[in-house]
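For reference, TrEMBL has these:
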{"type": "COMPBIAS", "residues": "385-405", "note": "compositional bias 'Low complexity'"}
{"type": "DISULFID", "residues": "Cys44-Cys56", "note": "disulfide bond"}
{"type": "DISULFID", "residues": "Cys49-Cys63", "note": "disulfide bond"}
{"type": "DISULFID", "residues": "Cys429-Cys443", "note": "disulfide bond"}
{"type": "DISULFID", "residues": "Cys485-Cys499", "note": "disulfide bond"}
{"type": "DOMAIN", "residues": "34-78", "note": "domain 'Chitin-binding type-1'"}
{"type": "DOMAIN", "residues": "111-305", "note": "domain 'NodB homology'"}
{"type": "DOMAIN", "residues": "410-456", "note": "domain 'Chitin-binding type-1'"}
{"type": "DOMAIN", "residues": "466-512", "note": "domain 'Chitin-binding type-1'"}
{"type": "REGION", "residues": "385-411", "note": "region 'Disordered'"}
{"type": "SIGNAL", "residues": "1-20", "note": "signal peptide"}
Amino acid sequence: MRVPIILSLALAVRVKVGFAHVLLDEGFQLLEKRASCGSGVGSCPSGGCCSESGFCGTTEEYCAAPGCQLTYSSGCDTFKKPIGDSTENVARPKLGSVPYGTIITQCTSPGQIALTYDDGPESFTSELLDKLDTLGVKATFFVSGNNVGKGEIDGCGNSWAAIVKRTYDSGHQIAHHTWTHQDLEAANSTIRKTEMIYNEMAFRNIFGWFPTYMRPPFLSCGSNCMSLMSQLGYHIISTNLDTKDYENDSPTLIQVSKNRYSSGVSNTSTSNSYIVLNHDTHEQTVTTLTDYMVQTAKDRGYKLVTVGECLGDPKENWYRSAGSGGACTPAGGAGNNTGGSSSSSSSAASSAASSSAAASSAGSSSSTTGPPIKVPVTTTSSVAASSSSSSSSSAAASASSSGSATISKDQSCGGTNGYTCKGSAYGNCCSAYGWCGSSPAYCGTGCNPKYGTCDPTSETLTNTTVGLCGPSYNATCLYYGTKTCCSKYGYCGNTAAYCGAGCQPKYGTCTA
């Protein structure tokens with residue numbers, strides 16, 4: 001009886017396998033889909049991205065870093081450099097007593113706790129800043145420039161630059177957490193360097209400086225990484241208390257991180273100090289854990305400080321001057337060049353011009369489309385585009401003294417160059433973010449009449465065309481797609497950071 005059974009099983013297996021092949025031949029995907037790129041398979045076509053799971057594509061799901069497989073891709077976010085000259089040749093004197101190129105895990109003086117937050121800015125960062133303001137606490141933010149598909153921190157079409165600027169203006173310390181969160185020890189020498197240089201360039205574009213403090217992603221920094229950090233003049237900051245908040249981002253699990261913090265912080269503040277690792281990318285860290293950490297620290301006699309303060313380093317040593325700021329990177333980066341060389345102005349202008357065309361064809365869309373809408377580096381909506389800085393005023397005056405303002409040749413307007421859009425090839429309107437165009441994104445909300453023409457203004461409330469809102473713009477978010485809440489800082493959104501504390505109900509809804 002056993003032989004027929006075995007034969008029957010064998011036949012069944014053959015039939016099953018054969019049937020599966022037939023189904024595949026008919027185009028049905030009943031067998032496991034094979035990877036299209038990666039180890040043992042190969043690379044994606046030019047401009048493509050090999051996702052972490054081994055499939056080729058060109059959208060965020062494929063190109064976002066650090067998941068995008070660099071060896072088999074040419075379009076990963078890691079390769080997209082910010083606009084402007086490389087910072088590689090910036091002078092890097094090693095000032096102060098804090099060691100460079102060695103890993104630091106704790107403060108130099110007892111009784112201090114430095115709360116640190118990695119990986120932002122992200123959607124919860126503004127809410128965290130509100131909370132820290134309320135608590136009267138200064139923290140250190142280790143900023144990643146273009147991780148998890150969020151777009152460049154100096155990008156023209158997002159709000160990250162404004163959030164990073166607000167972080168600094170609120171008295172917090174800004175530090176470096178690489179461009180796209182690559183493992184610096186595992187990366188090759190080229191990527192290891194561009195992870196640092198590209199983020200420096202983005203900081204330079206926002207502030208005119210970049211930090212001297214950094215934290216390596218995954219806390220991974222061996223001899224190769226440490227050597228480069230010494231060469232570039234960085235203090236390498238690790239931690240002696242990791243809350244593991246990234247593992248516990250739920251209302252119930254966050255108690256695990258609270259317990260880790262509580263058990264890790266000694267009741268004897270006179271002989272202990274801590275650099276605490278958190279992430280501003282997790283909701284429970286912002287809404288629950290931060291309050292607990294601050295109160296526990298105070299109850300146990302600790303002073304809450306920045307990392308620079310806890311190491312006894314004067315604030316003037318925290319940052320390196322790197323030229324003028326105020327620039328922004330068009331969507332998609334200034335180019336795909338991992339060599340760290342400066343981008344050409346012609347390619348940047350070409351990118352800006354094609355973005356302008358896309359914006360013009362988009363018309364009055366309910367959400368911001370393709371234009372290089374330069375994000376203001378002011379911290380509140382009270383500083384509208386129509387109020388120029390002294391530098392822009394002098395530039396405009398200089399242009400006027402020669403007979404008339406200079407017509408923009410690179411789509412930028414206002415700012416330090418004082419260019420006007422009137423008569424430009426890009427359109428006659430100067431947007432709130434300092435770019436020329438002709439669609440409502442340029443001629444509507446926040447349009448700057450000093451540097452071009454604008455749609456007629458109205459005393460009645462208008463619908464925002466670019467996501468700016470509030471009394472300074474006389475604009476509401478009510479019809480701005482799904483982003484109907486007007487934050488206290490004058491930006492439209494739909495998360496707690498926009499719809500929660502400080503939300504302006506007169507200019508939209510206040511329900512997330």
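Count begins at 1; order follows the chain as displayed.
Even glycines carry a Cβ here, placed using N, Cα and C.
Unlike curated records, TrEMBL annotations are generated automatically.
Structural mapping of features recorded in TrEMBL.
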residue	record	Cβ neighbours (10 Å)
Cys44	disulfide bond	25
Cys49	disulfide bond	29
Cys56	disulfide bond	21
Cys63	disulfide bond	23
Cys429	disulfide bond	27
Cys443	disulfide bond	21
Cys485	disulfide bond	28
Cys499	disulfide bond	22
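Cys499 (disulfide bond) sits 27 Å from Cys443 (disulfide bond), taking the Cα positions as reference.
Proximity to Cys49 (disulfide bond), judged by a C-alpha distance within 10 Å, picks out none of the disulfide-bonded residues Cys429, Cys443, Cys485. Note on proximity: among Cys63, Cys443, Cys485, the disulfide-bonded residues of the record, the Cα nearest Cys56 (disulfide bond) is that of Cys63.
Comparing CA positions across the disulfide-bonded residues Cys44, Cys63, Cys429, Cys443, the one lying closest to Cys485 (disulfide bond) turns out to be Cys443. In this structure the alpha carbons, written CA, of Cys443 (disulfide bond) and Cys63 (disulfide bond) are 33 Å apart. Under the three-state DSSP scheme, Cys44 (disulfide bond) falls in the coil class. Using DSSP to sort the residues of the domain 'Chitin-binding type-1' (410-456) gives these counts of helix, strand and coil: 7 helix, 9 strand, 31 coil.
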